[in-house]
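S.K.: Encoded as structure tokens, here's the structure I'll be asking about.
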């Protein structure tokens, strides 16, 4: 079986090519999905990549969540499809109600573009099963609205249910409880602000630590 990973492109998406390259790097077929498509083209998993979908008008991810392709993604999630939202994709997943909380302006109100260290907290997701708990990853962060916020009840629930997937070592954007990524209750949907697709080889990125997410998704698809 050849796993097919769909990568969505919205107007304003920047990192779809990188996400598709990461999928191919682990041996999957990368399938392009346009925002106006009402068909997931038979893919086994979906990546909602980073950028500025629809120019981030109204609010980051607010318009993208209403697109035909996201209607299909929401339906597919109900059937257990693995979905990864990266940066703006994380914002889209929160706006679509697939993940709790929201992403707001960074502390200091500056755009941040630098490599950061993350710690893997949960390996019980479709996107992190290849990692050992407490593994440290070096990946890129580039966002102006990357500060994760949620109510204390939601934060307690995420911690209590093991749904915090990544935490920052150096919390430079002010995310509550150092949260860099979270998952759905069943671990099939993961959202994260840093960019694993930019860390798939040391020649072009800070490390190859991001490959583990895409290999994990491959394992999940092939095991199902």
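The backbone N, Cα and C atoms fix where each Cβ goes, glycine too.
Feature list, courtesy of Swiss-Prot:
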type     : residues : note
ACT_SITE : 87       : active site, nucleophile
ACT_SITE : 195      : active site
ACT_SITE : 197      : active site
DOMAIN   : 4-224    : domain 'Glutamine amidotransferase type-1'
S.K.: Summarise the model confidence on the domain 'Glutamine amidotransferase type-1' (4-224) as a single mean pLDDT, whole number.
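M.R.: Across the domain 'Glutamine amidotransferase type-1' (4-224), the average pLDDT comes out at 96.
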S.K.: How big is the Cα-to-Cα gap, in Å, between the residue listed as 'active site, nucleophile' and residue 195 (active site)?
M.R.: 7
S.K.: What is the Cβ neighbour count of residue 195 (active site) at a 10 Å cut-off, with all protein chains included?
M.R.: 25
S.K.: Could you tell me which three-state DSSP class residue 197 (active site) falls into?
M.R.: helix
S.K.: Can you count the other CB atoms that lie within 10 A of the CB of residue 197 (active site)?
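M.R.: Residue 197 (active site) is surrounded by 30 other Cβ atoms within 10 Å.
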